[in-house]
Structure formats: C-alpha cells, structure tokens
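S.K.: Take this structure, written in structure tokens, and hold onto it; I'll ask about it next.
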Amino acid sequence: MKGITFFTPFLSFLYLLCILFMTETEAGSRNGDGVYIVYMGSASSAANANRAQILINTMFKRRANDLLHTYKHGFSGFAARLTAEEAKVIAKKPGVVSVFPDPHFQLHTTHSWDFLKYQTSVKVDSGPPSSASDGSYDSIVGILDTGIWPESESFNDKDMGPIPSRWKGTCMEAKDFKSSNCNRKIIGARYYKNPDDDSEYYTTRDVIGHGSHVSSTIAGSAVENASYYGVASGTAKGGSQNARIAMYKVCNPGGCTGSSILAAFDDAIADGVDVLSLSLGAPAYARIDLNTDPIAIGAFHAVEQGILVICSAGNDGPDGGTVTNTAPWIMTVAANTIDRDFESDVVLGGNKVIKGEGIHFSNVSKSPVYPLIHGKSAKSADASEGSARACDSDSLDQEKVKGKIVLCENVGGSYYASSARDEVKSKGGTGCVFVDDRTRAVASAYGSFPTTVIDSKEAAEIFSYLNSTKDPVATILPTATVEKFTPAPAVAYFSSRGPSSLTRSILKPDITAPGVSILAAWTGNDSSISLEGKPASQYNVISGTSMAAPHVSAVASLIKSQHPTWGPSAIRSAIMTTATQTNNDKGLITTETGATATPYDSGAGELSSTASMQPGLVYETTETDYLNFLCYYGYNVTTIKAMSKAFPENFTCPADSNLDLISTINYPSIGISGFKGNGSKTVTRTVTNVGEDGEAVYTVSVETPPGFNIQVTPEKLQFTKDGEKLTYQVIVSATASLKQDVFGALTWSNAKYKVRSPIVISSESSRTN
C-alpha cells in the first residue's frame, strides 16, 4: 500500500505530461492565448523543483520564446504564454499551488526627513556616510520599480566602504546602462522583459522618474541646494544614506506585470537583500486572493528568507476598504502630509486674498487685473453645465475664456486640476482656479500656467464676489514655500484606507509616513516636467503612498544596520509600536477633512524615525504564525506544505481552524472581528525583551473604547534578561451591542520605553471579500 501511495502522484504527473505534450504538439510554436504564472511553492522542495524543470523541458522544448521567466531561488514555478486549455491541465498537476493569468499592477504615485526629525526630537541619519550605521553591517535595500538614473548626484558613492561580501547580485548592462553605472551606492541593477512589450530593447535606466525618486528617498546621498526650479529648496537626502541600493526594474510606462515582479522577488532573495521596497500594487477593486497575488507570493518567500517586505497601501482613498498589499507578512504604508506647504494664493479685486495650493512658475501680474469667470458661465454650446463647471475637455467657449482666469469645480469627483488647466489653457485663458476639498492639501506642479487649488469654504468667498461684482477681476500669485505648516501630519486624501478586504482581523495599513509633496531625485532628461528655456530638473516634487513606503524602508534599513540579527517581524514591530499619534499642534493626527484619524486611516500612527531603533519590546511573528494564518484562512495542509520552505515536520492545522482565530497570530496590532458584543473574546500576544540586558518591568495601560471592557493579564511583565519572551492575554467584553467598528490601544511602558499596539474591534466577519 505504501508503494502505491508513493507512486500515484508521480504516475498522475507523467499522465498529465503526456497530455501537455500532445497539446504542445498541436499548438506548435504559436503564441498562446495569454501569459500565465505557474506557482509551485517553495524552491526548497526537491520534488517541486524537479517537477517544474520536467514540465518546462517538456512543454517548451520547441517553444523557447513562450517561456518568459523561471522561478527557482526563493520559490518554484515559471511564467509562460499558454492556451487556456494548457493552463487548466497544468493546474491539476501534483505540486502546482496555483495557475493564474499574469496580472498588471500600478505605481502608487529632502524636507520630509527633517519633519520626522522634528516630530520625534531625534537625530535622523544625516551625518556623513560610513561603511555601516553601527560599524558592523551594511544594509542592502532591494527596490522593485521603474529603474534608476545612475548619474544623479543622489547616487554618488563618496566615502562609502566596499560592497558587502555577501552580495551576490549583478549589474545588467544595456545600450544606455553600463556596469560602470553601478558603484558602491547602486550595487545591483536588473531589468525584466514585459510580455506585453514587443521592444527588443531593455534597460535598468529609469525613463519615468518614479524609481529614482523612491531610491533617493530611501538611500540617497546628501545633495545641497536641491530643488524643483527653486521650490522646496534645501538638502535632499535619503533616510538611510549608508544603505546600498539594488534596483529591480519591473515597471515600464505600460505598467508592472506580475510575472516580472515574481522574477524580481526570486532574484532579490538569491542576491542577498535585507529589505524589499515596493511602491506599487493592484487596484483596490481587484480583490486578488493570496495564491494568485504575485506580491503576496513573493513577499511570503522573501520573509521566509529573513527579508522585510514594505509596500505602499495604494492611492484609492479616502473610501474605506481600499487598502492593498495586505498579507500579514507585508508591512503596508499609508501616506500623510508634512509641515511644508506650497501656497499659490488668489487675489481678488479689492486685494482680498484667498489661500490656494499649487506649484507653478508664471509671470502674471501680482495685481488683480485679469477678468474672472466661472466655468459654467463660459460653457460652449454643446457642453452641459456640469461639464463646464468642471472645465472638462471641450466644455468651454474660447471667446468667453480668452484672457480670463477661470474658476472650475470638481463636481464629479473624478476630475483634477491638471485636466481643467489644460482645457482653460487650450482656450486661451490666463489662469485656472480649481475647487476641490480633497486635493487642496496636496500640491501639484502645473508648469508655467497659473493654476491653484482651493477648497469649497474658500470658494464661497469667490462665488460671493462673482455674484456681487459687475466686472470681477483676480490674479494668481507665484508659489511660495511655507515652512512649519500646521497641523501636520494629516492623512492624505488619496491614501487607501482599511479595513483590509483580506481579513479584518489584521489591521491594515500598518503605519503612515510622509507621502505628500516629497522632493527627491528624478531622471535627468524629462521634458514633461521642464520649464521652457530651462534645463531639465534633476529633482521633482510628487505625492503618493509610493513616496511614503520608501520612508519606512529607509528606517527599516537603519534598524537592520543597528540590529543585524533582527528578523523582519521584529523590525516591523519596532516601527509600529513606536509610532506617534499626535501632530505638530499637539493634537491627534487628522484626516484631510480635519476628522481624527482612526487606525484604518493611519495604522499604528506616523513613523518615528529613530524611536524605532530602540523599541524596548518587539512582537515576533513566527513562521508558525503565518502557517496558522493560512490554516485559519482556509488553506489545507498539503497546499501549505508546498508553499513553505521551513514547514515543521509535525505541523498540522489546528482542529478548530476558522477565520476568527486570525486575531491570535502574534501581530503588533490587535484586530478582533465578528464580535457582536455578546460574551467575550480573548487573544494572546508574546513580546520579546530587546531593550535591557538585565531586569526590566513593564506596566500596561489601556485606551478602552466606550461601551467596552478590556482586561489585560498579567498587568505587569517582569523580564530578567535580554531576549526573554513573556506572554499576556487580552480579554474583550462589551456592555452593549456593537453597531460600528471601534478603536482603542494598549501600551506597555516603563521609565524608558513605550510600546503601543492599536486595537480594532469589529462586528463584521473576518473576511470581507
């Protein structure tokens, strides 16, 4: 019987190979219906690796061009052009975890480090670079993005030591990118073929700017007098100037393919990075499951190898349930404003000043001498009033607009000042004032055409002026940089919000960080951001959770340098439990509307750039925690075993596995779902002492939401040595039925440390998709 049991899967495998061979013979060398990813679990399994290689050899012997990527370092599998029938057959093969169409992902598109320094009253990594922050370890940050512009001064390697000997990566050459473009700062550069791109020319050089911006935010060398044509002038520097950069170019102007992202994860694991930073993700509506999400799959195997994976939360806010990249082994980052504002005010007749926001470089008069008109009053004959109010494309009459400043409104929620500007400019207008409560706090660059954004409260004054004045006039003032702007931080309107569609029992996002109007390196030849008659700017100011994630990646890199033996979950815990919840007005962090931010907006709070270096206690989420999560989520042991590199020999899914038990994995935040208010719920957490060599005592305090009782036992944790682990229980009960999600926190503290965990309690079921 044992022999039959052993050979049955293998015979089935051979049978399927025969079918595939016949399918391949019929298909010949033609292209398949589409690109599919075949995920076969951990590369540590010899059986999986052999099956993958046999399958590749059989299928693509005469179709080499259809095989796009093979995955063999951190996990097994491949990406290839297949027919739908071939994909179905492969999906039934023993050892195959999933087969799915290659998905497309989108990008989530200086002073910010000084703001974090001010907020936490600590020194950010701003001194001269050395070989390592603590003299013993160089951290290597892998970045999956659009490439890098190596000539930028932000990537000079002055005073940096030799490349770490453990580095196994490479610097791939192209026509415009030579091995000499890599140095002791940029130590690795790889590019990946996009199956949708027929071009034969590939390079790691950044032609978009996004990857260079992200890279310099993380690890850029200090560059004095950096600015965007004089705006945001100062010293541009990365948060971890000692870190090394390894660029994995997975995105081009057409987007980022999942097959390339997985290939980059596979290479990065083999190359030896310490941190992986991804400022990209799926759209909020995609609702991708774990075993068909290349980012979740790649991150799972990276974390198994001790690599922390940090991802942007997405730019689909402010609606709830829009956060992406929410697997529990990923650190998910929201975006907030900083204490710098770019004002471009509107001056009305009578010199009444209306505050506005925008970056432009116009030379219009500072006196209000230009006629002012509302978009609806300038509508073309064929346009609707609503379209004209928004200054939508082809909605305005050129004769009515010429020489005037036009007031436009975001009436549909999907239009932006840049599109209104283009319409006004094309019809001969002098300037554009755009009304939008959401984007008012996020400065965008509008080139040389006068454009500014105001909110509805400010717009009411302009409407009153228009209605009471026969010949209304106005002007738009040049951009002025305002420092020490208050209140800051505030969660950016675009930042995707929780709860996670994956599970409410894991709070997402994890943290928030600066992501609004961030100055960083750019490509050196981008005419689209250049001013007429001036050379291309080497730096650019942009916003997005794309800009927030690299701030966290930089701090994670610093922590890794100071604590090289810490694993990914310890670093994540250090960042989350030391986050701040207050702004520079000493009030609580708010959203773009002024409402107090909840953990669904900001996670544990705003990144603290150096308090996280010494957190006192950490929550270590173990491999078993993640395996149990997969059990609770509904995966069977066979699938989990195929996925895991370090699958314990005696591991089995708990007999009572269910979604509610996800709350029990050792995460730095506490999410309790499916709680209607009846009875009580208990979760357990374990903390590790990393702050003291000797004795340490911590006392708990609880921020309890109204209508609830939260009991923590024990109320004191007494550690006797460094590295000691202690466990506590949190028992939640309610005095009334739960009608909406509520928020609280618990903090373990002593005279030296405060270790805070947010708490979210929901009546909704754990899984919402």
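Placed from the backbone N, Cα and C atoms, the Cβ positions cover glycine too.
Under the heading active site, charge relay system, Swiss-Prot lists ASP145, HIS210, SER546. Per Swiss-Prot, domain 'Inhibitor I9' is recorded for 35-108, and the stated evidence type is sequence analysis. Taken from Swiss-Prot, the feature domain 'Peptidase S8' applies to 112-613. The domain 'PA' annotation in Swiss-Prot covers 381-465. Feature annotation from Swiss-Prot assigns signal peptide to 1-27.
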S.K.: Looking only at the domain 'PA' (381-465), how are its residues distributed among DSSP helix, strand and coil?
M.R.: 32 helix, 16 strand, 37 coil
S.K.: Per DSSP, how many helix, strand and coil residues does the domain 'Inhibitor I9' (35-108) have?
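M.R.: Summed over the domain 'Inhibitor I9' (35-108), the classes give 25 helix, 29 strand, 20 coil.
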S.K.: Measuring Cα to Cα, how far is HIS210 (active site, charge relay system) from ASP145 (active site, charge relay system) in Å?
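M.R.: With distance taken Cα to Cα, ASP145 (active site, charge relay system) is 7 Å from HIS210 (active site, charge relay system).
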S.K.: Under 8 Å Cβ to Cβ from SER546 (active site, charge relay system), same chain, six or more residues apart: give me those in sequence order, or none if nothing qualifies.
M.R.: LEU107, HIS108, THR109, HIS210, HIS213, VAL214, SER279, LEU280, SER312, ASN315, GLY515
S.K.: DSSP on HIS210 (active site, charge relay system), three-state: which is it?
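M.R.: In three-state terms, HIS210 (active site, charge relay system) counts as helix.
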S.K.: Over all shown protein chains, what is the count of other CB atoms within 10 A of the CB belonging to ASP145 (active site, charge relay system)?
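M.R.: So the number of other Cβ atoms within 10 Å of ASP145 (active site, charge relay system) is 28.
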